[in-house]
Amino acid sequence: MAETKYIFVTGGVVSSLGKGIISSSIGKLLQARGYNITIQKFDPYINIDPGTLNPYEHGECYVTVDGMETDLDLGHYERFTDIQTTKANSLTTGRIYKAVIDKERHGDYLGKTIQVIPHITDEIKRNVKLLGKQNKYDFVITEIGGTVGDIESLPFLESIRQLMWELGDNALCVHLTYIPYLKAADELKTKPTQHSVKELQSVGIQPDILVLRTEKHLGDGMLRKVASFCNVDFDCVVQSEDLPSIYEVPVNMQAQGLDTVILKKMKLPVGETPALGPWRKFLERRKKAVKEVNIGLVGKYDLQDAYKSIRESLSQAGTYNDYKTVITFINSENLTEDTVAEKLKGMDGVVICPGFGQRGIEGKIVAAHYTRTHDIPTFGICLGMQMMVVEFARNVLGYADANSREMDEKTKHNVIDIMEEQKNITNMGGTMRLGSYECVLKQGSRTFDIYKKEHIQERHRHRYEFNNDYQKEYEKAGMLCVGRNPESELIEIVEIPGLKWYIGTQFHPEYQSTVLNPHPLFVDFVKTAIANKKD
Ligand code: GLN
């Protein structure tokens, strides 16, 4: 396509309506029509990136191939569309301001007064167009975090207003709002949507398409009412009802012609409706998978979104094994030798989750010990892998004080140690070992068997690592180091052969598992958990 088209996705009334899912669905549907797409997110908070945020704030921190710590919506973008996002796909108010302030200090503005308009807005616009300019994309979909009416969203909305004016038919705005249902009155209410659109209009943006989130089906009359009150064509009002799975949203949006109206509005040929074959096949398989496999997530963040990508990866892996994955969160802070048997009861497999800091690690060690000695399939990810290693040192190698340097700086048996290049870093943001690195798998290992290849690329986010001084001792005692980075020699994977499934990865495989390309480690882990259940 000669010119890149831009789609802006805004939200109103309340947050958590699923702008990320709608953006991903639009991307998916356009992709199915042969367009090259990318999706970017602007977050209005001042942090440079979400890397320093506690997961309780905005959920999981997702990591891109190029090592950007981003909002979890980027995970949805990748899982739905199989695109690879980069740091150009994730921006915050903090990053925008930093870029402008750095330029100011550098003297780039030649003595001008630096202001929100035009300097901040120009920087926002530059970052939207940057993706288009690389000219690979037919569509750039830009999701604006937060809700219309927030003070901090204003510079982003002003930038969109300008861009829509400049780009004409090459840009449009999809606004996602909410239609609440009042039980006492047994009525669905459109007023909040009308207000939210007015709010958008008051900053000079007329939405082209409205997506109405609703818990109950909306009749044509209601859609017509919203259309006429909000200056939007009737066929440009679609509803997004609660569905059993987020993966049904693209199909539901297609059935209502969301992609068709986008194409019409942008003066592009509509053509035939794509069949979405593989996607529908996945949904079919998912519906049929009713037998349950129970996976315990041992972690410390008692919040759905904190382990989003792990949950999604497990759920996809369930479908590919024709089972439904039922995930139980198990708070590691409540896990002790006395409680572990009870808490892990009924779990066919256990994931020991990533994390930072001391809180809850002893529970992870207890879990690793219990699952190892009871041969329950176990998958340790990042900190989870590190705690498997610590447990093994304490209970098999006989080093009662073994620990990670992160938790105990003085331990004599620092089986997990700080990486050399991390030692002198004091800045907290973006300074870990981040992003994609190569890993070479040991032929003949279980992990090699699973990947069926020697060279893999996986994404990382850590400061600490397996201490190679102990490798021989571990291998002699039965825990093998089966994946390593060819340049740094960092140990990336440990496994215990002979057990049903006891594998720990220093990297995060969950960032690469998508709907149509589930991650082999998760698929194999769930498969083993199912076999374990049958035993
Ligand atoms: N805290 C550990 C480290 O920094 C593990 C990090 C993680 O689980 N992502 O190495």
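The backbone N, Cα and C atoms fix where each Cβ goes, and this holds for glycine too.
No curator has checked TrEMBL annotations; they are predicted automatically.
According to TrEMBL, the features are:
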- 1-268: region 'Amidoligase domain' (REGION)
- 5-268: domain 'CTP synthase N-terminal' (DOMAIN)
- S15, D150, I151, E152, K189, T190, K191, P192, T193, Q194, K225: CTP binding site (BINDING)
- S15, K189, T190, K191, P192, T193, Q194, K225: UTP binding site (BINDING)
- S16, L17, G18, K19, G20, I21, D73, L243: ATP binding site (BINDING)
- Y56, G355, L383, G384, M385, Q386, E406, R463: L-glutamine binding site (BINDING)
- D73, E143: Mg(2+) binding site (BINDING)
- H508: active site (ACT_SITE)
- E510: active site (ACT_SITE)
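Checking the binding-site residues S15, G20, Y56, G355, M385 against ligand 1 with a 6 Å cutoff on the Cβ atom leaves G355, in sequence order. In sequence order, K19, G20 are the binding-site residues from K19, G20, Y56, G355, L383, G384 with a C-alpha within 10 Å of the C-alpha of E143 (Mg(2+) binding site).
Between the recorded positions D73, E406, E510, the minimum number of other C-beta atoms within 10 Å of a residue's C-beta occurs at E406. The two recorded residues Y56 (L-glutamine binding site) and T193 (CTP binding site) have their Cα atoms spaced 29 Å from each other. When the Cα of Q194 (UTP binding site) is compared against those of the binding-site residues S16, I21, M385, R463, the shortest separation belongs to S16. DSSP assigns G18 (ATP binding site) to coil in the three-state reduction, outside any helix or strand.
K225 (CTP binding site) is surrounded by 16 other CB atoms, counting those within 10 A of its CB over all protein chains shown. In this structure the alpha carbons, written CA, of I21 (ATP binding site) and K191 (CTP binding site) are 24 Å apart. In space, P192 is the closest of the recorded positions K189, P192, H508 to G18 (ATP binding site), judged by Cα positions. The separation of G384 (L-glutamine binding site) from K19 (ATP binding site), Cα to Cα, is 31 Å. Taken residue by residue with DSSP, E143 (Mg(2+) binding site) is part of a strand. Neighbour counts were taken at the CB atom with a 10 A radius for the binding-site residues K19, K189, K191, R463; the maximum falls on K19.
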